[in-house]
Amino acid sequence: MRILPAAPEDSPPHAGVGTLGRYICPGLLIQEQQQQLKLPLINQPSSFSCIAKGRGEKMGSRAVIVALLLAAVAATCARAQLHEKFYSESCPSVEDVVRKEMVRALSLAPSLAGPLLRMHFHDCFVRGCDGSVLLDSANKTAEKDALPNQTLRGFGFVDRVKAAVEKACPDTVSCADVLALIARDAVWLSKGPFWAVPLGRRDGSVSISNETDALPPPTANITVLTQLFDAVNLDAKDLVVLSAAHTIGTSHCFSFSDRLYNFTGMENASDIDPTLEPHYMMKLKSKCASLNDNTTLVEMDPGSFKTFDLDYFKLVSKRRGLFHSDGALLTHPVTRAYVQRHATGAFKEEFFADFAASMVKMGNANPLTGSQGEIRKKCSVVNH
C-alpha cells in the first residue's frame with residue numbers, strides 16, 4: 001500500500017494514488033504493505049465477477065445453501081461498488097474542486113480540520129456513511145440536534161463545498177462522498193497521510209437524533225468502545241488507530257470535565273479520575289474551572305493540535321490523553337501495545353498507512369449504493 005507522505009499545500013497529490021480503496025471479491029481491501037500480495041484487482045465488481053470465482057468448484061446440492069451463498073455474495077459485491085475512480089467520467093474534477101475549497105478554508109482557519117474529520121466519523125457510525133449527520137429537521141430531531149453532535153462545526157463549510165461541486169457537476173456527487181473527501185484532505189493538509197478515497201456513496205433521507213447512541217462517547221471504557229466499533233465492522237486495531245484523530249482539534253471542557261470533578265458521581269473537587277496523570281489533571285483544572293464549563297476549548301494534543309502526528313500516542317502512554325476513552329486504550333492488550341509502539345515516534349509511515357487503511361474501512365460502513373438513496377442537491381435537506 002503506497003501512502004503519500006505529508007506534502008506542502010502547493011503540491012497536491014494526484015487522485016487515485018496507491019491501492020487503497022480497490023477491492024477484490026469477496027470484499028477484501030488490498031493492502032500492499034510488506035507482503036506484496038499478488039491478487040487481481042477488480043475496480044467495478046459485480047455479482048457475476050464474484051460468482052465466477054467459484055466456478056468449477058463443487059456446489060452444495062441444497063437450494064437453501066445456494067440461496068444463502070448468493071445472498072452473501074450479492075451483499076459483499078454491493079459494498080464493493082465503492083471505488084476511487086467512480087466519478088472519473090461523470091465528474092473528473094470533483095477532488096480538485098473539494099481540495100481547492102479545503103486549501104482556502106484551512107489557510108484561514110486551520111483549526112477547522114479536526115471538526116471536519118470528526119463530522120465524517122459521526123456520519124459513518126450512525127446509519128453508515130450516508131450524509132445523514134448533515135440533515136436539518138424542522139422539529140430539531142435530526143442527528144445534528146443530538147447532544148453528541150451539538151459541538152460539531154463546519155456544516156456551513158460543507159454546504160459551500162457541495163455548492164462548488166454542484167456547479168461543476170450538477171446532480172452527480174453525493175454529500176456523503178463530499179464529506180469523505182473533505183475528511184481525507186483535512187488530514188493531508190494537516191501534514192498527515194493522503195489516500196485514495198473509494199467513492200460511490202449515495203445520500204440517505206433519514207436522520208434521527210436518538211440513533212446517535214451508536215457514537216463512541218468520550219466517557220466510554222474499552223468494553224463499550226470495542227462494542228461500538230464492532231457494530232460498524234471495525235476491530236481493536238481500528239479503534240486505536242482512529243482514536244489518534246484526536247491529534248488534531250480541540251474539545252469543550254464538558255466533554256471530559258467529569259474526569260476532573262465528578263468521576264464517580266460525587267461532584268466535588270476531589271472526585272477525579274485516578275488514571276489521569278496528576279500534573280496534567282491540574283493543568284486541565286486550571287483551564288476548566290467547573291464541571292459545567294461549556295464554553296472553554298482545550299487542545300486535544302497540546303502544542304501540536306493543528307498537526308497530524310504521533311504526539312497523541314506519546315500523551316496517551318503518559319496517561320495524558322484528554323478523554324476517558326483515550327486512557328481506556330491502555331486497558332486492552334491490542335490497543336495498549338499499539339500505543340506503546342507508536343509512542344516511540346519511530347514508525348510514522350507505518351501509522352500513516354494504518355490510519356489510511358482504517359479510514360477506508362470505516363468509510364465502507366454500510367454505504368447506500370446503486371439505486372439506493374439519492375444525490376442531494378443541498379446537504380442539509382432531502383430532495384423534493
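First residue shown is number 1, and so on along the chain.
Each Cβ is built from the backbone N, Cα and C atoms, and glycine gets one as well.
Automatic, uncurated: that is what TrEMBL annotation is.
Small disclaimer: the values here were computed from a predicted structure and weren't measured.
Per TrEMBL, C379 makes its disulfide bond with C175 among C175, C253, C288. The disulfide bond recorded by TrEMBL for C169 reaches one of C91, C124, C129; that cysteine is C91. In the disulfide annotation of TrEMBL, C253 is paired with C288 out of the candidates C129, C288. Taking a C-beta cut-off of under 8 angstroms and a sequence separation of 6 or more, C175 (disulfide bond) has the following same-chain neighbours: G131, L134, V158, K162, D203, R376, C379.
Cα spacing between P216 (substrate binding site) and H122 (active site, proton acceptor): 9 Å, rounded to the nearest whole number. In terms of Cα distance, the recorded positions that sit within 10 Å of D130 (Ca(2+) 1 binding site) are C124, chosen from C91, C124, H246, T247, D309. Within the same chain, residues at least 6 positions away in sequence whose Cβ sits under 8 Å from that of C124 (disulfide bond) are V232, M362, G363, A365. Counting only residues at least six positions away in the same chain, the Cβ atoms of Y87, S90, C91, S93, V94 sit under 8 Å from the Cβ of C169 (disulfide bond). Annotation for the binding-site residues D123, D130, E143, D301, D309: lowest Cβ count within 10 Å of the residue's own Cβ, D309. The Cβ of T247 (Ca(2+) 2 binding site) has M300, D301, S304, F305, T307, F308, D309, L310, D311, Y312 as same-chain neighbours under 8 Å, each 6 or more residues away in sequence.
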